[in-house]
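Encoded as structure tokens, the structure appears first; notes follow it.
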Amino acid sequence: MASTDDPAGQRPSRAEAIVAHAEQSISEDAIVAAARERAVDMGAGAVTPAVGALLSVLARLTEAKAVVEVGTGAGVSGLWLLSGMREDGVLTTIDVEPEHQRIAKQAFTEAGIGPGRTRLISGRAQDVLTRLADESYDLVFIDADPVDQPQFVVEGVRLLRSGGAIVVHRAALGGRAGDAGANDAEVSAVREAARLIAEDERLTPVLIPLGDGLLAAARD
């Protein structure tokens, strides 16, 4: 009899089963679910429920008052981050697409988040990040084109206060980042970002197998 776990009858690996269980264990409210649907409609990526929940936990653990997000999308990750931040916390979220930010703003409004708690900046993150103050942020979340990860990591670490954390999404690239035979531009950039974090003595990193891989690091 064919397995019901896979159309081809192949059972998922233990690792795949654990990740699937982690994702299925998270319930999203109607506002986040609606934002996720809009992300699909507009072709914008969105973090998985388990990744979102982890972002909320990290924001809570760092008692985040100031957070930077690179890649606003439809506001899914922003909603999760805000749910874990302090009530007086401010999320600065950057996206090159004004339409993404318009849709995200709708999600924030639906969630009852006051305008003073979000700062939406439309522009290239490469330009915006350099204008933000050193060591002024509790959490930096990078969810952008993998080829830009090294530059964003350098800027993100600069922004972190002592005790803060940086999180880089798409750190696994579907497993390609760990494939010795893969060496395309995305893989090379992701590996360089990981090297920058690993060699920074101020950082304690961990690679988390959720979503497309999360590389997280806490700053001493």
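Every residue gets a Cβ built from N, Cα and C, even glycine.
Keep in mind it's a predicted model, so treat the numbers as computed, not measured.
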Based on Swiss-Prot, name the residue from ASP138, ASP145, ASP179, ASP184 that is recorded for the same S-adenosyl-L-methionine site as VAL47, GLU69, GLY71, THR72, SER77, ASP95, VAL96.
ASP145
In this structure, which of the binding-site residues GLU69, ASP95, ASP143, ASP145 has the fewest other Cβ atoms within 10 Å of its Cβ?
ASP145
Between VAL96 (S-adenosyl-L-methionine binding site) and ASP143 (substrate binding site), what C-alpha distance do you get in Å?
12
Counting every protein chain present, what is the number of Cβ atoms, excluding its own, within 10 Å of the Cβ of SER77 (S-adenosyl-L-methionine binding site)?
29
Among the binding-site residues VAL47, VAL96, which residue has the largest number of other Cβ atoms within 10 Å of its own Cβ?
VAL47
